[in-house]
Amino acid sequence: MKSFMMRGTKILATGSAVPDSSLSNHKMSEIVQTSDEWIFTRTGIKERRLLTGVNQSVADLAILASRKALDKISMNPQDIDLIILATSSPNDLFGSASQIQCKLGAINAVAFDLTAACSGFILGIVTASQFLQNGSYRNILVIGADVLSKWIDWSDRSTCILFGDAAGAAILQSCSKEDNSILEFQLNTDGNYSNHLSISYQEEINPHPILNLYQGSFKYVVMNGKEVYKFAVSQVPLSILKCLKSLNISVGDIDWLLLHQANERILKAVAEKLSISSSKIIANLSKYGNTSAASIPLALDEALQDKKISHNDIIVVSGFGAGLTWGTIIMQWKSY
Ligand code: COA
């Protein structure tokens with residue numbers, strides 16, 4: 001627990017939403033040259049959900065997930081002080097959080113987007129907990145939502161098989177230090193490797209004829225899969241160990257390992273490196289693929305619905321991805 005903490009953070013409720021439209025590996029093999037066997041053995045993914053239809057955006061999924069979380073505790077949206085939307089696929093580059101604020105009727109909340117790709121939800125929770133622990137705000141809605149299907153090159157079989165669309169939300173509340181659930185965190189970025197996973201902005205060849213100004217647009221997800229794999233498997237265990245050390249607890253104290261749902265092989269390799277039993281891994285990526293910022297809250301919400309997680313369980317939650325940015329939160333789950 002951070003020594004400067006004045007108050008604690010508790011997680012009151014979670015919610016999640018996925019689109020109805022599902023794309024199986026078999027169907028994928030009609031789109032690019034691949035097979036169910038190739039995808040499943042290398043990633044553990046069987047299917048993913050895609051946000052299809054006209055005028056559907058990340059905000060729609062985020063609103064759905066948020067409403068479910070609010071409904072669980074019958075919270076009035078007007079009681080939310082802050083909304084943090086972790087996303088890398090907004091429908092407005094100025095941010096999508098304000099659309100969510102408006103549609104939820106959270107008229108008293110300030111709202112902003114946070115961009116940290118697949119680590120976005122981790123960064124969102126850590127950011128929110130600072131406001132809660134220093135007493136600035138009482139109720140914060142943190143959403144992880146992404147619709148990377150809109151940013152995928154659907155002819156690139158090395159990336160299009162991996163991602164899916166979803167949203168997950170958590171309502172955090174300021175509480176006494178004794179009830180605090182966010183015990184420790186550890187965050188990292190190494191921009192040297194930002195090119196390993198990006199959706200980069202590409203300028204047109206010719207500038208504006210008078211202004212010498214180059215305009216352009218964002219293209220598609222580009223990834224060096226092997227390097228990202230190596231990065232995750234080497235750095236995530238180190239981050240977890242650092243976090244455990246600063247809390248003065250051991251691997252044996254962990255009840256659940258909740259990693260960003262990128263690839264089943266990564267989940268297993270991290271658990272193996274830390275000698276954590278695979279029965280403690282929370283995984284749902286076979287159904288949804290890598291849903292970027294949504295993956296952690298989606299998996300957490302499902303695990304809670306399945307009643308896997310009990311009061312006072314220690315959950316190690318790690319995110320990793322583009323940036324490259326990665327980080328860990330150690331939570332002690334409190335049931336209300
Ligand atoms: N279906 C069939 N073959 C495919 C394929 C697909 N979907 N995608 C790539 N291949 C082919 C490649 O073209 C290559 O063929 P070649 O040997 O003839 O050149 C071969 O399979 C091996 O490709 P490679 O990229 O070396 O595969 P890999 O074993 O590294 O597995 C990933 C690819 C993407 C599954 C793996 O690198 C990975 O999971 N990386 C982490 C990605 C990740 O999690 N990113 C998000 C982090 S937030």
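Glycine is treated like the rest: Cβ placed from N, Cα and C.
Here's what TrEMBL has on this protein:
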type	residues	note
DOMAIN	112-191	domain 'Beta-ketoacyl-[acyl-carrier-protein] synthase III N-terminal'
ACT_SITE	CYS118	active site
DOMAIN	245-333	domain 'Beta-ketoacyl-[acyl-carrier-protein] synthase III C-terminal'
ACT_SITE	HIS260	active site
REGION	261-265	region 'ACP-binding'
ACT_SITE	ASN290	active site
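Cα of ASN290 (active site) to Cα of HIS260 (active site): a span of 8 Å.
HIS260 (active site) is 7 Å away from CYS118 (active site) when you measure Cα to Cα. Counting residues of the domain 'Beta-ketoacyl-[acyl-carrier-protein] synthase III C-terminal' (245-333) by DSSP class, helix then strand then coil, yields 40 helix, 22 strand, 27 coil. A simple way to gauge crowding: the CB of HIS260 (active site) has 30 other CB atoms within 10 angstroms, across all the protein chains here. Note: the domain 'Beta-ketoacyl-[acyl-carrier-protein] synthase III N-terminal' (112-191) comprises 29 helix, 30 strand, 21 coil (DSSP; helix = H, G, I, strand = E, B).
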